[in-house]
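Reading through the structure tokens given below for one structure.
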């Protein structure tokens, strides 16, 4: 079905196509025809962060920023869906155009800039969702006009609002599209922010009588020293998990493309090697008690297996769906299933 719809979607501006695709998925869900888009995979229960995921393949943050399509997306067969990034207050994001397809590379460049309706709107949407068939992650960020010195208050506010509703919460400090945000990954800034949020997490756990895991999403543009520092902080503060990685600001594999000079984060196939390398290095530096989600460049079941081989417990897709459609979900689940059933038992590949 997606192969028939793709030419129409690709004839539209990327952001308009994004909106149309979501409306189509919603329509299929409401009319009971989701099976025409995607066959729900046989369950492959996977433990991580003290949770049991129906399968290890999730949707990365950014597709459903406001939590308006949760049930329709879960119906495609994802084991979990991550919504957001959401900020305390609504914001428009960056000026359009701000999303670009690079079909020759199966890639996307975006500079959306955390456009969202604000955390209160997201909370209302989540409360209306039925949430059958998978788990829900909520990705939180800061408003663009909040200085980094005050960022903790934005993250704390979002965490307090979504905590009762989320299965896990992701702290996004790695988007390249909010000025200065990635500075929060620097060791001292990271330690201050995550320490404060860990205290908030523990207080909220006591208040609500449940512990919601807190994950941190990192950039792919980290050198070895950056990775060492981040791993040291995240291990010291005992975060529940790490998502590796966000989009990249580098362009070595698409340097000759006319859109290479566009500002924003590059995702899709060209990100696979770089993001998987960061994933593997983090796995080597973090204790096994901190599971990793591998995301970046997954366009096939083999790509998902590469993430698992590098040390991921779970994976997420996003840009790959633009080029492959919802069938990518089941393909990834089945590829991971075959790997898990292989005689090697899914060992982590060495550095």
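Here the Cβ of each residue, glycine as well, is placed from N, Cα and C on the backbone.
Look at Swiss-Prot and you will find 175 tagged as active site, nucleophile. A coil conformation is recorded for residue 175 (active site, nucleophile) in the three-state DSSP classification, outside any helix or strand. Its Cβ placed at the centre, residue 175 (active site, nucleophile) has 24 other Cβ atoms within 10 Å.
What Swiss-Prot lists as FMN binding site is 61, 62, 63, 64, 65, 85, 139, 172, 217, 245, 268, 297, 318, 319, and the listing cites sequence analysis. Contacts of residue 217 (FMN binding site) defined by a Cβ separation under 8 A and a same-chain sequence distance of 6+ are given as 61, 139, 170, 171, 172, 173, 174, 242, 243, 244, 245, 246, in order along the sequence.
Look at Swiss-Prot and you will find 65, 110, 111, 112, 113, 114, 172, 177, 246, 247 tagged as substrate binding site. Less than 8 angstroms from the CB of residue 111 (substrate binding site) sit 94, 98, 99, 176, 177, 262, 263, 264, 265, each of them six or more residues away in the same chain.
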Within 10 Å of the Cβ of residue 65 (FMN binding site), how many other Cβ atoms are there?
21
Residues flanking the substrate site, with Cβ no more than 8 Å from the Cβ centroid of 65, 110, 111, 112, 113, 114, 172, 177, 246, 247 and excluding those residues themselves:
62, 85, 93, 175, 176, 178, 264, 265
Let me know the largest Cα to Cα distance in Å among the FMN-binding residues 61, 62, 63, 64, 65, 85, 139, 172, 217, 245, 268, 297, 318, 319, as an integer.
20
Using Cα positions only, nearest of the recorded positions to residue 113 (substrate binding site) (63, 65, 175, 268, 318):
175
Give me the count of other Cβ atoms within 10 A of the Cβ belonging to residue 172 (substrate binding site).
27
List nothing but the largest Cα to Cα distance in Å, as a whole number, among the residues 65, 110, 111, 112, 113, 114, 172, 177, 246, 247 that the record says bind substrate.
16
